[in-house]
Amino acid sequence: MMTRLSLTTLALLTATSAAAQEKPTLTIYAGDYIASEWGPGPKIEEGFEAFCECDLKFVTGDILPRILMEGDKTDADIVFGLNTDVTARARASGLFAPHGQDISDLSLPVEWGDDIFLPYNWGETAFIYDETRLENPPESFQALLSAPEDLKIVIQDPRSSISGLALLLWVKAIYGDDTPEAWEKLAPKVLTVTKGWSESYGMFTEGEADMVLSYTTSPAYHIVAEDDQTKHAAIFPEGHYFMAELAAQVAGSDQPELAQKFMDWILTEDFQTSIPLANWSMPAKLEQAKWPGVMRDLPRPDTTLFYDETQAEDLRKPALDEWLRAFSR
Amino acid sequence: MASGVLALRRDAAGIAVAAALAALILGTLAAVAWQARGLSALQSWDWRAVWFTIWQAALSAALSAGLAVPVARAFARRRFPGRALLVTLLGAPFILPVIVAIMGLIAVFGRTGAINEALRAVGIGEFSVYGWQGVVLAHVFFNLPLSIRLILQGWQSIPVERFRLADSLGFGPADTARHLEWPMLRGVLPGIWLAVFLVCLTSFTVALALGGGPAATTVELAIYQAFRFDFDLGRAAALGLVQIALSLGALVLSRRMATAVAFGTGLDLAHGPVGPRGWRRAMDAVAILAAALFLLCPIGAVILQGLPRIPDLPTEVWAATLRSICMALISASIAAALCLALALTIAKTSNGWLEAAGMLPLVASPLVLGTGLFIMLRAHVAIDDLALPVTALINAVMALPFGLRALIPAARSLRADYGRLADSLNMTGLARLRLLTLPRLAAPLGFSTGLAAALAMGDLGVIALFATDQPTLPLKLYQLMNSYRMTDASACAVLLMSISFALFWLFDRGGRLA
């Protein structure tokens, strides 16, 4: 039965793609949300296929564990959607080739000198609140720590979520050696810690928590898609932690020219203008004047905090231990 | 001679299923360890996770099984309009997708939930659902339904003639409990405790979301961390082994506790035992009402929120819905066949190893299983075309332990009550299956198949490493949530829940009518 099913599928596929048969395929490993209808994937596919004379194929799932396991036998030509926290391990695998782009004038708030991992969008961690429920949000990280205990926040677990890990580094960047004391003050206000971002954000929109760990760009979604002006990021003078999403090409790709063509396209205006509203994040290389109005108008922190990958990798384990100790009491 | 060969062949089917299960579960673990070139040592936080996992699972299982007893008894001895419907409805939490259940529980028990609003209104302090109490509450919410159903089946396995005999001998409720009900419970409770313990053992999302923080870390989370963040496959495999060791320990314990029961056959009289009158009647009403409120309110909250949004769901969701239904049906058929073969063999041989193999899928870490399969299949086939077939198969396997819990006791009584007669009539092979086995086992088999269909429907995909361009409905739900579309996601949740429930109802009802 299975065989017959797949034969039918095959027949259908060959019928529909007879015209496309001659075209080479560019295989992109991407996070699941990227390739969904509601992510930037469909726009990227359409945009690139318009000029590449190729088939762009997204392969979704747990991309880094998968490619690390496949090693040089991987089918991937491009890996799309890695985060800054995993570049050290990805780089150490030796699977990736330089991107070959001019990265001297990116629209990032931090220095970026990486010749392998190319940022295509970025944001900063922030606590989001609803002004109708929280009239006096804390005005600094310090104020959040000393807020009364009935202010409840939800955060993500640094062991299962990248935004959770970013919080770990954020607090480390602000408080350094005093981090354990900072966690101790924050812990009573943490209603709960969830596996991923979506569970936390769901709890916040349900009204269960006053603030949620998310991104400075989150209010843009509510403004554009829901016409809701009540959600804001609390901007702290101590600074916010930087997060970027990255693309890289695979060194052993069997389509190196196509892969290069794709990398060349990422920083162009064509690509960068399609990103902000599809992924709810800031473009990596675009003059501010060309940003969508809503992104331009979002309040931004004056200071952006960021550890490079070696520092972050060194800090990860001890910082995680501090966090675990403070929250396991 | 011919019957001997047939009997052997029938056993062979069960033994083959058990062997395949063991190979799948242990083989994938071995594959992960092999890829890592060995196991790595556990860290101190891992051991804390192990302890938390054990005690929360043991407590959740004891509470689920214990609380289910009065509810199941009330259902067994009372008749009222809508009883059958209520029994089916109370099964719903077990098949809820985890994320939906969390949202429902928070709507009722959360900080701004109905209970706390009421407590505040009368001036009593807040009840916090976040902490170990929340984890246990959620686990009881998930597993009470299964426990009620399985205990109720136990009650119904006592022929009504025995209750009548007890009545005519002038037994009071206490005597009936001692001579009929308690022996039955001794037979079924340990197995139910074990099943719930194993479900709670691999809990992850619930434990974290309601646990309030890393004090509520389970082994499964440690495995996830080892995979995703440390990329330490050796540690993941070591933790997977710990999980299996814990389950085997629990299995041995529950087998020690369980005693065999045999009530003999009855005439399958339709009307059940008549319950005692007086205050016990009120108690039964309270038990049923409390269970119904506890289990149905969170579901009601989810429905209220999502239902009005269903017509506005994006069209992609409907394609995914259809795909999920097909997959669930295929999964359920595979599960039913495997389950029946294994249960019949277990009933016949009473082999502890076979039963252990049947429970193995419950204790396998989904992450280890998926990764192991990926490693094993990658070298031989185009892996991404296999995503859907592999999901269907894995879901069937994952549903097996629950189905077995319902089928094994029924298959045992079938063997004890009708086995010898059928043997003496030389009734074997297909004839026996058609005339005896299937009709007698229709109810538990329908229940098992329905459960498998519903679980497959709600599955999030064990196989994160396999890519698919054909997303299922639960995956769509997560995609919606990850794109900020929480209201669409809640509509999607209602859709998913209703279809899961409808599938379960269809098979369960079909089985009971057959």
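Every residue, even glycine, has its Cβ placed from backbone N, Cα and C.
All TrEMBL annotations are machine predictions without curation.
The model shown is predicted, which means the values in this text are computed figures rather than measured ones.
Here TrEMBL flags B:12-34 (among others) as transmembrane segment.
Feature annotation from TrEMBL assigns domain 'ABC transmembrane type-1' to B:50-254 (among others).
Per TrEMBL, transmembrane segment is recorded for B:54-72 (among others). For the transmembrane segment (B:54-72), same-chain residues at least 6 beyond its ends with a Cβ under 8 Å from one of its own Cβ atoms are 132, 135-136, 139-140, 143-144, 146-152, 154-155, 185, 189, 192-194, 196-198, 200-201, 203, 207, 216, 218, 246, 283-284, 287-288, 290-291.
Remote same-chain residues near the transmembrane segment (B:84-110) are listed as 75, 116, 127, 129, 134, 137-138, 141-146, 148-149, 152, 205-206, 209-210, 288, 291-292, 295-299, 301-302, 305, 451, 454-455, 457-458, 460, 474, 477-478, 481, 490, 493, 496-497, 500-501, 504-505, 508-509 (criterion: CB distance under 8 Å, separation of at least six residues from the stretch ends). TrEMBL lists B:84-110 (among others) with the feature transmembrane segment.
The transmembrane segment annotation in TrEMBL covers B:130-152 (among others).
With a threshold of 8 Å between CB atoms, the same-chain residues lying at least 6 positions outside the transmembrane segment (B:188-213) that come near it are 53, 56-58, 60-62, 64-65, 68-69, 98-99, 101-102, 105, 128-132, 134-135, 137-139, 142-143, 146-147, 150-151, 153-154, 219-221, 224, 243, 246-247, 250-251, 253-255, 257-258, 359, 362-366, 401-402, 405, 408-409. Residues annotated as transmembrane segment in TrEMBL: B:188-213 (among others).
The transmembrane segment annotation in TrEMBL covers B:233-253 (among others).
Sequence annotations record features per position, and here TrEMBL assigns transmembrane segment to B:286-307 (among others). Same-chain residues lying 6+ beyond the ends of the transmembrane segment (B:286-307) with a Cβ under 8 Å from its Cβ atoms: 67, 70-71, 73-75, 78, 86, 89-90, 92-93, 96, 100-101, 103-105, 107-109, 114, 141, 144-145, 148, 490-495, 497.
What TrEMBL records for B:321-507 (among others) is domain 'ABC transmembrane type-1'.
Positions annotated as transmembrane segment by TrEMBL: B:327-347 (among others).
The transmembrane segment annotation in TrEMBL covers B:359-380 (among others). Here the transmembrane segment (B:359-380) has long-range neighbours at 21-22, 24-32, 34-35, 194-195, 198-199, 201-202, 219-220, 223-224, 227, 233, 236-237, 239-240, 243-244, 246-247, 251, 386, 390, 394, 397-398, 400-401, 404, 462-466, meaning same-chain residues at least 6 beyond its ends whose C-beta is under 8 angstroms from one of its own.
Per TrEMBL, transmembrane segment is recorded for B:386-408 (among others).
Feature annotation from TrEMBL assigns transmembrane segment to B:441-467 (among others).
The transmembrane segment feature in TrEMBL is assigned to B:487-507 (among others). Beyond the transmembrane segment (B:487-507), the same-chain residues lying 6 or more positions past its ends with a Cβ under 8 Å from any Cβ of the stretch are 88, 91-92, 95-97, 99-100, 103, 299, 302-303, 305-310, 312-314, 317, 321, 324-325, 328-329, 332, 446-447, 449-451, 453-454, 457-458, 473-474, 476-477, 480-481.
Sequence-distant contacts of the transmembrane segment (B:386-408), counting only residues of its own chain at least 6 positions beyond either end whose CB sits under 8 Å from a CB of the stretch, comprise 21, 24, 146, 149-150, 153, 191-192, 195, 198, 323, 327-328, 330-332, 334-336, 338-340, 342-343, 346-347, 355, 358-362, 366, 369-370, 373, 377, 441, 444-445, 447-449, 451-452, 455-456, 459, 461-463, 466-468, 470, 472.
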